[in-house]
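Peer 1: As annotated by TrEMBL, (6S)-5,6,7,8-tetrahydrofolate binding site applies to 112, 116, 117, 118, 344, 345, 346. Taken from TrEMBL, the feature domain 'Serine hydroxymethyltransferase-like' applies to 2-372. Positions annotated as N6-(pyridoxal phosphate)lysine by TrEMBL: 221. According to TrEMBL, the feature site 'Plays an important role in substrate specificity' maps to 220.
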Ligand code: DSN
């Protein structure tokens, strides 16, 4: 209230989140308990180092909090070691590279056009500038990872590290097959499970351990915690990973966020969290069905996880226009590149949609399918103002029926 401008903008953003349907697969609604941790004076503390080995005094409670977060992360992900300090998924990936590689070392990772991330060696990202990334794609027919291509490239380029991970791949990752290839050339194997961490915990996706040496994730996507990163690894890499995070790439950890991560890990151990993850997949599949029924082409033909990727390359409308028009009626999706992209990353041929956030609202298959129908209706009537207004009203009705953050203006209430 002291700063009216910011206060009002925060209120407006909370209202936008309440009244919109988030289909961006990497977004979700953290619980009030998680949100409250981040608004505490823990944010004031400096605690460079690790529990019981800090550079500053006054860390007795911070140590206990980080110890709890580490123990919970290890238990949740069946990991031998956990580092809960990375500020984000990119920081987590940067720390792993620093721990395992030297500048110019070769890494084999998925290309951005096959579901990869900027930190998998994009030329405009630190990863592509410092390290020698070689990319694998997907099979042109199946649009799934092609293990013959991956093995061929692994043998040819002898990478020190193989990365598996995705931001827009609608199918399951086969960690065992990646491990078999990594073993043939003596490479480390890293899985970036940022998108699918929640699904893994709930056994809706296979587990990266014992196949991977190191696993990175964010904590705010399907995991539904605070915005942040996490590294899990085998014991023998623990020291290297910890040194790479601090003092390698970060200074003081965000203790308020680490407390929120601990709370999120506890939430993720519950039975209701497992049920939630199962519903995420059912809802993504319900959406996929509607698009297929309406004649849309989905990359790989469907989904095994929380997201679908629609190919609009044969449409006259731009993906950017679809994203913008949906935004105006309160549905949030994102334009995305597809395999063998022929347009540009600024106006690509794909629309990426996911179900984690609408499932947090309490949507089941019926509502998820109906949401897909609304998206289809908008795309088919993109120039019809009257129909767009009708859809906007339907969106509002749905958000009112399945509310989020309803008790006070700063999101302390949570409907589910
Ligand atoms: N921005 C994230 C996503 O949407 O997948 C990745 O960093």
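For all residues, glycine too, the Cβ spot is worked out from N, Cα and C.
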Peer 1: Give, as a single whole number between 0 and 100, the mean pLDDT over the domain 'Serine hydroxymethyltransferase-like' (2-372).
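Peer 2: When the pLDDT values over the domain 'Serine hydroxymethyltransferase-like' (2-372) are averaged, the result is 97.
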Peer 1: Restricting to the record's (6S)-5,6,7,8-tetrahydrofolate-binding residues (112, 116, 117, 118, 344, 345, 346), give me the longest CA-CA distance in Å as a whole number.
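Peer 2: Among the residues the record ties to (6S)-5,6,7,8-tetrahydrofolate, max Cα distance equals 16 Å.
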Peer 1: Does DSSP give residue 344 ((6S)-5,6,7,8-tetrahydrofolate binding site) helix, strand or coil?
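Peer 2: Strand, per DSSP.
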Peer 1: Near residue 220 (site 'Plays an important role in substrate specificity'), which residues of its own chain have a C-beta under 8 A away, given they sit six or more steps off in sequence?
Peer 2: 27, 28, 30, 226, 227, 228
Peer 1: Reported as an integer number of Å, what is the Cα distance between residue 344 ((6S)-5,6,7,8-tetrahydrofolate binding site) and the residue listed as 'N6-(pyridoxal phosphate)lysine'?
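Peer 2: Per the Cα atoms, residue 344 ((6S)-5,6,7,8-tetrahydrofolate binding site) and the residue listed as 'N6-(pyridoxal phosphate)lysine' stand 26 Å apart.
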Peer 1: Which residues, sitting 6 or more apart from residue 112 ((6S)-5,6,7,8-tetrahydrofolate binding site) on the same chain, put a CB under 8 Å from its CB?
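Peer 2: Counting only residues 6 or more apart in sequence, the Cβ neighbours of residue 112 ((6S)-5,6,7,8-tetrahydrofolate binding site) under 8 Å are 118, 120, 122, 337, 345.
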Peer 1: Identify, among the recorded positions 117, 221, the residue whose Cβ has the fewest other Cβ atoms within 10 Å in this structure.
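Peer 2: Counting other Cβ atoms within 10 Å of each of the recorded positions 117, 221 gives the minimum at 117.
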Peer 1: Fill in the CA-CA distance, residue 221 (N6-(pyridoxal phosphate)lysine) to residue 116 ((6S)-5,6,7,8-tetrahydrofolate binding site), as an integer in Å.
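Peer 2: Between the Cα atoms of residue 221 (N6-(pyridoxal phosphate)lysine) and residue 116 ((6S)-5,6,7,8-tetrahydrofolate binding site), the distance comes to 16 Å.
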Peer 1: With every protein chain in view, what's the tally of Cβ atoms within 10 Å of the Cβ of residue 118 ((6S)-5,6,7,8-tetrahydrofolate binding site), excluding that atom itself?
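Peer 2: That number is 16.
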Peer 1: Cβ neighbours within 10 Å, counted over all protein chains: which one of the binding-site residues 116, 345 has the most?
Peer 2: 116
Peer 1: With every protein chain in view, what's the tally of Cβ atoms within 10 Å of the Cβ of residue 346 ((6S)-5,6,7,8-tetrahydrofolate binding site), excluding that atom itself?
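Peer 2: Taking all protein chains shown, residue 346 ((6S)-5,6,7,8-tetrahydrofolate binding site) has 10 Cβ neighbours within 10 Å.
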Peer 1: Near the Cβ of residue 344 ((6S)-5,6,7,8-tetrahydrofolate binding site), how many other Cβ atoms are there if near means within 10 Å?
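Peer 2: A count of 9.
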